[in-house]
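Peer 1: Sending over a structure as structure tokens; questions will come in a sec.
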Amino acid sequence: MASALHEVTPFLVILILIATLGPLQFGFHLAELNAPEDVITCQKKSISALQQLASLVITKSSSSDDVVDCIPMSRSDFAAISAVFTVGGLLGALTSGPFTSARGRKLPMQLTAAFYLLGSIVETSAGSVPTMIIGRFLTGVGAGASTVIVPLYISEVAPPTQRGFFGAFTQISINVGILFTQTLGFFLSYGSAWRWIMGTGVIIALAQGLGLALLPESPAWTASAKGDLTHARRVLQRIRGRVSNIDEEVESWGQGASKPTSEEEALLVSNESTSADASGLLTPSAGAQHSPRVHLGFLQVLRDPFTRPAIIAVVGIMFAQQLCGINSIIMYSVSLLKDLLPISSALLTIVISIINLGVTMAASPLPDRFGRKTCLLTSIMGQGTSSLALALAIHFDVKILSAIAVLFFVAFFAVGLGPVPFIMASELVGPEAVGATQSWALGASYVATFLVAYLFPIVNAALNDAFGGAGWVYFIFAGFALLWAAFVSGRVPETRGRKDADEVWGRTRRVD
């Protein structure tokens with residue numbers, strides 16, 4: 001335990017916090033239109049109960065004649081603005097995997113900051129539907145790429161025994177972003193003040209871009225892609241601290257990556273003070289080298305018999321993450337739950353987000369303590385049970401049970417289906433396939449998210465009309481939970497405590 005604590009240095013924590021600004025913006029932009037929808041679309045002048053308080057903070061600059069208060073649009077126009085974010089996300093997810101395999105983790109993260117910045121500027125100044133669509137598409141590209149690259153980076157700099165804990169930071173940061181933007185929406189959903197919500201995205205993107213200048217490149221990528229083992233080892237040692245033993249982890253990078261000779265070690269010590277430039281980056285040295293690995297492409301990982309089972313596993317758990325129904329709550333809680341409690345729907349959505357964030361943080365050590373697969377199965381079965389309870393509660397109009405079922409539904413998601421899928425892609429394959437595998441995973445996630453976002457209100461209304469009453473769709477989600485529990489049991493291996501992908505899948509490769 002003590003050795004594990006030594007590996008968690010302040011530098012490591014700072015790196016992870018900066019990196020997770022990308023997923024934070026994913027959550028921020030995912031939910032930014034939720035509260036101010038009626039104001040943006042000119043349906044209402046205000047939906048904020050605290051407009052007068054907000055007006056004390058937002059001066060006349062928010063109601064200037066140069067600023068359009070709202071953008072007239074139909075429901076289909078607003079649906080297009082909402083959905084184009086997932087289209088951009090899908091493009092970002094599919095293209096960022098091969099790009100990060102070829103160019104590392106740092107440059108792609110910097111490009112996501114640029115997409116977030118440009119998209120947020122366009123959204124903030126938008127005066128028409130097409131302009132807003134362009135802005136949402138750009139932020140979607142940044143979001144899709146961030147959710148591919150950042151979990152990879154975290155898994156490659158975090159200590160092996162704590163990758164589950166730090167891997168949960170991706171989901172935590174997404175929830176922080178959702179909570180933050182919904183809180184802003186509660187105060188700023190009136191007049192043209194909603195533009196301050198979009199403008200906040202500009203500030204976050206600028207902070208991300210500046211912070212990324214401090215990040216070193218991933219040591220694992222440097223070793224596997226560039227073959228510069230000495231430099232990669234020095235970077236990892238700096239991240240983990242001098243007292244941390246990284247020999248076993250370095251050996252997994254490839255032949256010749258073991259502990260340096262005494263001559264090399266002396267060279268590392270003598271160059272320690274000059275190895276970092278002003279921006280905090282470590283410069284490569286002419287130490288031990290090995291031949292760079294050939295990275296597998298998007299289709300190659302599907303054809304390769306060693307990586308195909310991993311693709312099936314990660315795509316399956318990403319579909320499970322969405323098709324168990326979480327976004328029916330996150331995206332439609334305002335209309336679904338508006339009569340359950342005597343508080344405003346906007347405030348109710350904030351309460352749900354707080355619970356989601358709190359449980360995600362509390363459950364972050366569980367994947368490392370009990371295993372990834374155990375957490376996934378617990379989460380799926382818990383959501384399935386909650387779906388069944390919610391379906392019965394809504395159908396029979398038992399309001400208190402509906403509220404309790406929703407809370408448990410969100411809590412069980414945070415235990416496993418929320419954080420674990422972001423960890424698995426980097427643990428089921430070797431470094432040569434991790435970028436393409438992460439693209440498959442996040443591409444599947446965006447496709448599944450689109451299906452739920454688009455089909456849930458349609459299917460929900462159709463079932464309610466066909467059978468009478470409400471809540472029937474949650475019987476479907478309960479059935480999906482049984483299906484995905486069987487899938488995880490049979491097709492997803494445990495990765496906790498495994499040294500590499502071969503050990504995960506229980507195979508031995510010949511070395512001729």
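Yeah, the Cβs are placed from backbone N, Cα and C, and that goes for glycine too.
Quick caveat, the model's predicted, so the values are computed rather than measured.
Pasting the feature list from TrEMBL:
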type	residues	note
TRANSMEM	12-31	transmembrane segment
DOMAIN	15-496	domain 'Major facilitator superfamily (MFS) profile'
TRANSMEM	78-95	transmembrane segment
TRANSMEM	133-154	transmembrane segment
TRANSMEM	166-188	transmembrane segment
TRANSMEM	194-215	transmembrane segment
REGION	250-269	region 'Disordered'
TRANSMEM	310-334	transmembrane segment
TRANSMEM	340-363	transmembrane segment
TRANSMEM	375-394	transmembrane segment
TRANSMEM	400-420	transmembrane segment
TRANSMEM	440-459	transmembrane segment
TRANSMEM	471-489	transmembrane segment
Peer 1: Taking the transmembrane segment (166-188) as the first stretch and the transmembrane segment (440-459) as the second, find out whether 3 or more Cβ pairs fall under 8 Å, excluding pairs closer than 6 in sequence.
Peer 2: no
Peer 1: Based on Cβ pairs under 8 Å, which of the stretches 12-31, 78-95, 133-154, 400-420, 440-459 lies most in contact with the transmembrane segment (310-334)?
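Peer 2: Maximum Cβ contact count belongs to 440-459.
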Peer 1: Give the one range among 78-95, 133-154, 194-215, 400-420, 440-459 whose Cβ atoms make the most pairs under 8 Å with those of the transmembrane segment (471-489).
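Peer 2: Comparing 78-95, 133-154, 194-215, 400-420, 440-459: 440-459 has the most Cβ pairs near the transmembrane segment (471-489).
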Peer 1: Mind pulling out the one from 12-31, 78-95, 133-154, 440-459 with the most Cβ pairs under 8 angstroms to the transmembrane segment (194-215)?
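Peer 2: Stretch with maximum Cβ contacts: 12-31.
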Peer 1: Counting only residues 6 or more past its boundaries, what in the same chain has a CB within less than 8 Å of a CB in the transmembrane segment (133-154)?
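Peer 2: Sequence-remote neighbours of the transmembrane segment (133-154) are 16, 19-20, 22-23, 25-26, 29-30, 80-82, 84-97, 100, 105, 108-109, 111-116, 118-124, 126, 163, 166-167, 169-170, 198, 201, 218, 422-423, 425-426, 434-435, 438-439, 441-442, 445-446.
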Peer 1: Are there 3 or more C-beta pairs under 8 Å linking the transmembrane segment (375-394) with the transmembrane segment (440-459), counting only pairs at least 6 apart in sequence?
Peer 2: no
Peer 1: Can you name the far-off residues of the same chain, 6+ from the ends of the transmembrane segment (12-31), with a Cβ under 8 Å from a Cβ of it?
Peer 2: 85, 89, 109, 112-113, 116, 119-120, 136, 139-140, 142-143, 145-147, 149-150, 153-154, 157-158, 166, 169-182, 185, 200-201, 204-205, 207-208, 211-212, 214-216, 239-240, 330
